[in-house]
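Taken from TrEMBL, the feature domain 'P-type ATPase N-terminal' applies to 6-61. The transmembrane segment annotation in TrEMBL covers 56-74, 255-278, 298-323, 767-788, 800-820, 850-869, 889-907, 919-943, 963-984. Marked as ATP binding site by TrEMBL: D371, K372, T373, E459, F500, K523, R555, T635, G636, D637, R684, K690, N713, D714. Feature annotation from TrEMBL assigns active site, 4-aspartylphosphate intermediate to D371. The Mg(2+) binding site annotation in TrEMBL covers D371, T373, D710, D714. Look at TrEMBL and you will find 736-989 tagged as domain 'P-type ATPase C-terminal'.
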Amino acid sequence: STFNLSFRYANNAIKTSKYNIFTFLPLNLFEQFKRLANAYFLFLLILQLIPQISSLSWITTGFALIVVLSITAVKDAIDDINRHKCDGQVNNRKVDVLMDGQLKNKKWMNVQVGNIVKLENNEFEANLLLLSSSEPLNLVYVETAELDGETNLKVKQALTVTGELGDNIEALAAFNGEVRCEPPNNRLDKFKGTLTLNGERYALNNDKVLLRGCTLRNTEWCFGLVIFGGPDTKLMQNSGKSIFKRTSIDHLTNILVLCIFGFLASMCSILTIGNAIWETNEGSVFTMFLPREPGIDAPLSSFLIFWSYVIVLNTVIPSSLYVSVEFIRLGNSFFIDWDRKMYYPKNDTPAQARTTTLSEELGQIKYIFSDKTGTLTQNIMTFNKCSINGKAYSEQVDFSWNNLADPKFSFHDHSLVEMVRSGNPETQEFFRLLSLCHTVMPEEKKEGELNYQAQSPDEGALVTAARNFGFVFLSRTPETITVVEMGKQVIYELLAILDFNNMRKRMSVIVRSPEGKLTLYCKGADTMIFERLHPSCNKLMEVTTNHLNVSDGLRTLALAYKDLNEDYMIDWKQRHHEASVAMEGREEKLDELYEEIEKDMMLLGATAVEDKLQDGVPETIEQLAKADIKIWVLTGDKQETAENIGYSCNMLREEMKDVFVVSKNLRLELLRTACMCQTVICCRVTPLQKAQVVQLVKKYKQAVTLAIGDGANDVSMIKVAHIGVGISGQEGMQAVLSSDYSFAQFRYLQRLLLVHGRWSYIRMCKFLGYFFYKNFTFTLVQFWYAFFCGFSAQTVYEDWFITFYNMVYTALPVLGMCLFDQDVNDRWSLYHPQLYAPGQKNQYFNKKAFVSYLIHGCYCSLIIFFIPWASMNDAVRNDGKDIVSHPSFAFLLQTCLLIVVHTQLSLDTYYWTAVNHSFVWLSTIGYFAISVTMYSNGMFYVFPSSFPLFGAARNTLNQPNVWLTIFLTFLLCILPVVAFRFIFIQLCPTINDKPHAPGTGAKKRSRLIGYNTG
């Protein structure tokens, strides 16, 4: 403990919760008021508490603000309570810790760095160095689903020197080693360290480390040394904030809200000037019976009136806007989750909306960036062809002669079998390389049944091919590889593994045969292998290249070997050991050594594995192209493979012209040329270059982008794009975990965009347009009334109506429309992909549309105010008394307003459901029921100060001319809208107004093959 404190090692307790019982209220409120809208309404609430300013009860703003804050606070509290529970469960789990020469059961939260723990088929709650295990060869099997979502078992292997400790408690208690390693970081695939034991230094890498979040499987027990705890573990280092993506509509809405602030200030300024003029010309007449408060003159009165009108007209910026937007997005996300037509029964995988903030942007996609392998293809590899020593093989073969053959494997060339069985040295060396140069781990689930655990489908296919041709990989240790060569077991000494990575694009192993022969075996991308061959292989390289060029879209690898000198190997291995234990520049030093030894190799041949297209890929690409969505394929494969896949999935056609961009420096030229092409394929790109291509289009084209992939190498572009889509395929779940939306098959992308995306975009645009319209109409009625009340900031509406207007009377109808509305059904959306175009151009909600909603709201507010004012002014009842008083006039305006906005919503609704009907009718009937109740005698008797206007509703609705006024107002507001829409559809129909129109012929356009030499 003292040692840990001196180095300030973190303890192993974790804390992911944000609040406790004392800090929840202040911290949560502080976070909520950091949002501009909440801070603005808090400011209004404070103003309403000042009697000299406010003519409105604080409840009108306070009620809405409290509801919004409460909904958010309850959601945050539930989330944090769940985090507290999870923290408690993790921290209080038990584990056996070696202390004072014996195992003691302790809570994980009390485990410290340097402790040795025993694990038995449970989760690791710290980062551990694997010391020993119950399995042969010191192996352990772990599941990493909590880290990267992958459910296939990974294999870890302890150092031989620590594996000898076994489960000997005395030996483990006497263990006295020193681990030096990198500082805490979030790289799940990298670990760099050394173990010093008995004067010797041993290199430590990721294969020797068990990470927090992994689960031990198929292993009875293992011992590990704690090297990182709690917040220093890689799992916790990865739990930081993710990138928060916002839609283009979000950005536009924020700009418009700022414009509305300016509009509000302008209205308040106009009314303040009006108040100053009125006070100067008319106000002195009223001071006899309405005297000003002491110390308040006309200028100060006008200043106070400005803030009074800020309060009265604040409804032009609705407090419920953002809450309603989140409800709509949440609902549209649920529709994606529930869509059975995007469910893949083979893997029991439904579509999943992993974010709820981007649904409408699915309807605005202009560019799709797609990976090839596993995204367009199935990523299920089968060994299809090979070229060995200048001869190609690809015909059907019978493997009944090989007892260890995989019964699922098939090949198509008998002559290759004859070459192997006859002892042809080049052919046998070819398959020997495939059986030795890999990272596959064997697993014997049943006695005599050999299974391979491969990190990639390619490796599994190649090792299986070698197995069927008589070179069977059996097992590996840190020092040896055991294979069966044509029925004879051979043990090779493993001297070094030169790892594969996305920059090297190759891997090598150096082995010593039982006869003492030293050989380097290498396999990798043909471009990487060919440039490292001995000059004597030039002719063979040309023949092999010709074979690769006719590989019909198959995934190809080149194979080479090199015989090594014993003296050179001793020197190289010493330098390799020094580089592998270096704490600074380890990767660079190792790369230099790899480059040094991987040269002047001898070519053996090449392999070709088949990866078939997924079902429905050509049809999906064709539909998306009709929607004017540009599809770029970004792949690490060579040009010929990518082109063949392009033809297979109908991206490329024979009549297209080829345009090649080979330089890696002409970025803008690449973009300019690519954007003129119908199809773009970028070959030989690294994961980083994929992200750079996406960023290039985002930066210069200002278009909405979508990236889709299935593997860890696609994560970078998925995160960079506006929307990232993960395919849950054969390469694990890292792409899915980093994505915004996920599903199992590429073909579901057309439904995600053309149906759900398009509907979501239209619904959100309708919601924002209608929301601004109804609030402009509501607020501007107050503006016109100011000219008739001496600019005194008196409200024309009753206080409770102001409170309920957005939160009760108009909330449900607009939510109903924006959750269920469909201009056309899903079949028509897919049948006419051209209907997707308006979203790409953002036609339905933009600054021009916003101005039209403002003008429409202004017009309706004029009608709603002046028609009732004109009809009720000086009107009398049958008994000669005045019909109108302020309460009855307010009730008439409120009724006209609500009927007009509900009718406008009904006109905007294309698709009526029982929910829509019930929301509209219940809201309308509810308004009358609430109004009659609040204006009743009973409410006055119980709450006389809160409901003083008893009888107003009953007396107003009893008059026939009131109903005529409502009807006239309704007609004057609605008829122009109906007439305008009818004329507009006849003269200037949009693409949505003519979904049955025949499409125009597609023009022939050029295509671009992007080829990166870097």
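Going from the start of the chain as shown, residues are counted 1 onward.
Every residue gets a Cβ built from N, Cα and C, even glycine.
Unlike curated entries, TrEMBL annotations are predicted automatically.
Source: prediction; values computed, not measured.
Candidates F500, R555, G636, R684 (binding-site residues) were compared with D710 (Mg(2+) binding site); none lies inside 10 Å Cα-Cα. Of the two recorded stretches, the transmembrane segment (56-74) does not lie close to the transmembrane segment (889-907), with fewer than three CB pairs under 8 Å once pairs fewer than 6 apart in sequence are set aside.
Within 10 Å of the C-beta of D710 (Mg(2+) binding site) we count 32 further C-beta atoms, all protein chains included. Annotation: R555 carries the greatest number of neighbouring Cβ atoms among the binding-site residues R555, R684 [cut-off 10 Å, Cβ to Cβ]. Residues of the same chain lying 6 or more positions beyond the ends of the transmembrane segment (298-323) and with a Cβ under 8 Å from any Cβ of it are 35, 37, 40-41, 44, 47-48, 50, 52-56, 61, 64-65, 68, 71, 253, 257, 260-261, 263-264, 267-269, 271-273, 275-276, 279-280, 283, 292, 771, 775-776, 778-779, 782-783, 786, 791-793, 795, 802, 805-807, 811. Take D371, K372, T373, E459, F500, K523, R555, T635, G636, D637, R684, K690, N713, D714, the residues named in the record as contacts for ATP: the widest Cα to Cα gap among them comes to 24 Å. Between the transmembrane segment (850-869) and the listed ranges 767-788, 800-820, 889-907, 963-984, the one holding the most Cβ pairs under 8 Å is 767-788. By a simple count of nearby Cβ atoms, those within 10 Å, the most crowded of the binding-site residues T373, N713 is T373. Over the domain 'P-type ATPase N-terminal' (6-61) the predicted model carries a mean pLDDT of 81.
Rounded to a whole number, the distance between the Cα atoms of R555 (ATP binding site) and D714 (Mg(2+) binding site) is 18 Å. Tertiary neighbourhood of the transmembrane segment (800-820): same-chain residues 56, 59-60, 63-64, 67, 315, 318-320, 324, 327-328, 331-332, 763-764, 766-767, 770-771, 774-775, 778, 890, 894, 898, 901-902, 905, 908-909, 911, 913, 915-916, 918-920, 922-923, 926-927, 930-931, 934, selected by CB-CB distance under 8 Å and a gap of 6+ residues from either end. Residue with the densest Cβ environment among the binding-site residues D371, G636: D371, by other Cβ atoms within 10 Å. The Cβ of F500 (ATP binding site) has T439, R506, M507, G524 as same-chain neighbours under 8 Å, each 6 or more residues away in sequence. Around D714 (Mg(2+) binding site), taking its Cβ as the centre, 31 other Cβ atoms fall within 10 Å, counting all chains.
Assigned with DSSP, the residues of the domain 'P-type ATPase N-terminal' (6-61) fall into helix, strand and coil as follows: 28 helix, 0 strand, 28 coil.
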